[in-house]
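Participant: Per Swiss-Prot, the features are:
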| type | residues | note |
| --- | --- | --- |
| BINDING | S32, I33, D99 | K(+) 1 binding site |
| BINDING | G156, A157, W158, K182, P183, S184, E185, S235, V236, P237, T238, G258, C290, E390 | NAD(+) binding site |
| ACT_SITE | K168 | active site, charge relay system |
| BINDING | L250, K460, G463 | K(+) 2 binding site |
| ACT_SITE | E256 | active site, proton acceptor |
| ACT_SITE | C290 | active site, nucleophile |
| MOD_RES | C290 | cysteine sulfenic acid (-SOH) |
| ACT_SITE | E467 | active site, charge relay system |
Amino acid sequence: MTIATPLKAQPKASHFIDGDYVEDNTGTPFESIFPATGEMIAKLHAATPAIVERAIASAKRAQKEWAAMSPMARGRILKRAADIMRERNDALSTLETLDTGKPIQETIVADPTSGADAFEFFGGIAPSALNGDYIPLGGDFAYTKRVPLGVCVGIGAWNYPQQIACWKAAPALVAGNAMVFKPSENTPLGALKIAEILIEAGLPKGLFNVIQGDRDTGPLLVNHPDVAKVSLTGSVPTGRKVAAAAAGHLKHVTMELGGKSPMIVFDDADIESAVGGAMLGNFYSSGQVCSNGTRVFVQKKAKARFLENLKRRTEAMILGDPLDYATHLGPLVSKAQQEKVLSYIEKGKAEGATLITGGGIPNNVAGEGAYVQPTVFADVTDDMTIAREEIFGPVMCVLDFDDEDEVLARANATEFGLAGGVFTADLARAHRVVDGLEAGTLWINTYNLCPVEIPFGGSKQSGFGRENSAAALEHYSELKTVYVSTGKVDAPY
């Protein structure tokens, strides 16, 4: 396979603050790499403490005037941003593919489009979703109102950089906050374009600032006294550190962390559909999706049919140039991630799992591309490393089970609780099983569909708080209660 050299994706500068690009060459330099070839497509600088201070000060200055605007006026700007994103979907999707290595056939339908949906949704509900309550108290009464928190920090992951930036910015902004957003150093480019588009849509300067950085930058943001809220998408270890730091200052937090989610296939399920769900829930974005159903529990009577169908369809997937619309599976985000995933595959083999297909680097790619074949293990047991730890790559574990009670107990025997799914023709059983699963986001007879109208988030070690839907506004605002007396104060002294 020969991959055409992509155009350079160098931004005007590393950071976007107060409505314009900003550079500080004293920051640590780092490269943005196209994962399909290993080629540098941009060179940027991590934020220095001075850049962090500048971004937060800019956000703080802009926030109060923004909060004083009506929700409808704020929402109008977000809806305009959604329109611009849709007009530029091709260019934004290509940039997302260069940034992440994900196939263009995915990014064109699932990345900037989802971000635009978030801006449109929150812009649309702004006039009504922030209303408070009227509480009659006899002659007196009280009312509540939702008020913004102030300056919020968003910290993104590298699997859906544009989507994550929008999922965090949309509820924060419509609630009257400002946001300083730090994308992953692996995928630094998309958020800068989102910032440009918001300014073009009419967002006042300073309300959405983007700064670059790595694990050393996060603490500067999280520990800043002017930051009221932190929203992180990332791994469980990172989430623990960020939550602990935020707790020291009693900051509001939303944690959207990792998972090892169960997908349960009963023997009465439509096997073709269940296999499709398992493939989407393990191989989409080369398996780099936090909610993936990487523990696929298949009832024993259906196991042979399931594996035969799965093997045939997996081996028909097209791996290759992510800029080619025919490609199903692109590279992982980096060589480091490739090495991590390959090491888990070796652990699966060593611990006795049966390798059904995949398990290595595909023959049709060479050089510096971070590719891994879509991999299926069968005969996996609950104690195997590949069944317990989040791999974040195209590795599916298929486990057997006999009955409903058994599979529920095993599915819940994990520290994670992000997601789960069930495939069955018996809808009564489907509802019973999802009620029993200890997870925040669940699907019946499908998997990994996340429209912005529904809340998304986890439980247990997979995080807390919710993104998307009107529920997200509760995490970017707080209630103010006002008691109104209609009479004189009756004091006993």
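Glycine is no exception: its Cβ is also placed from the backbone N, Cα and C atoms.
How buried are the listed features, and what sits near them?
Facilitator: If you draw a 10 Å sphere around the CB of D99 (K(+) 1 binding site), it holds 30 other CB atoms from the protein chains shown.
Over all protein chains present, the Cβ of C290 (NAD(+) binding site) has 25 other Cβ atoms lying within 10 Å.
Same-chain residues at least 6 positions away in sequence with a Cβ under 8 Å from that of K168 (active site, charge relay system) are, in sequence order, C152, G154, G156, M179, F181, S231, T233, E467.
All chains included, 8 other C-beta atoms sit within 10 angstroms of the C-beta of L250 (K(+) 2 binding site).
In the three-state DSSP reading, E256 (active site, proton acceptor) counts as strand. The 10 Å shell around the Cβ of E256 (active site, proton acceptor) contains 27 further Cβ atoms across the protein chains shown.
In the three-state DSSP classification, E467 (active site, charge relay system) falls within a strand.
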Participant: Return one of helix, strand or coil for D99 (K(+) 1 binding site), based on DSSP.
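Facilitator: D99 (K(+) 1 binding site) sits in a helix per DSSP.
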Participant: If you measure from the Cα of P183 (NAD(+) binding site), which of the recorded positions D99, E256, K460 is the nearest?
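Facilitator: Of all the candidates listed, D99 is nearest in space.
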Participant: What recorded positions in the list E185, E256, G463 lie within 10 angstroms of S32 (K(+) 1 binding site), counting C-alpha atoms?
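Facilitator: Correct set: E185.
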Participant: Of the binding-site residues listed here (I33, D99, W158, E185), which is spatially closest to K460 (K(+) 2 binding site) when Cα positions are compared?
Facilitator: W158
Participant: At the Cα level, what's the spacing in Å between C290 (NAD(+) binding site) and E256 (active site, proton acceptor), rounded?
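Facilitator: E256 (active site, proton acceptor) has its Cα 9 Å from the Cα of C290 (NAD(+) binding site).
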Participant: Quick one: which of these binding-site residues, W158, V236, G463, have their CA within 10 A of D99 (K(+) 1 binding site)?
Facilitator: W158
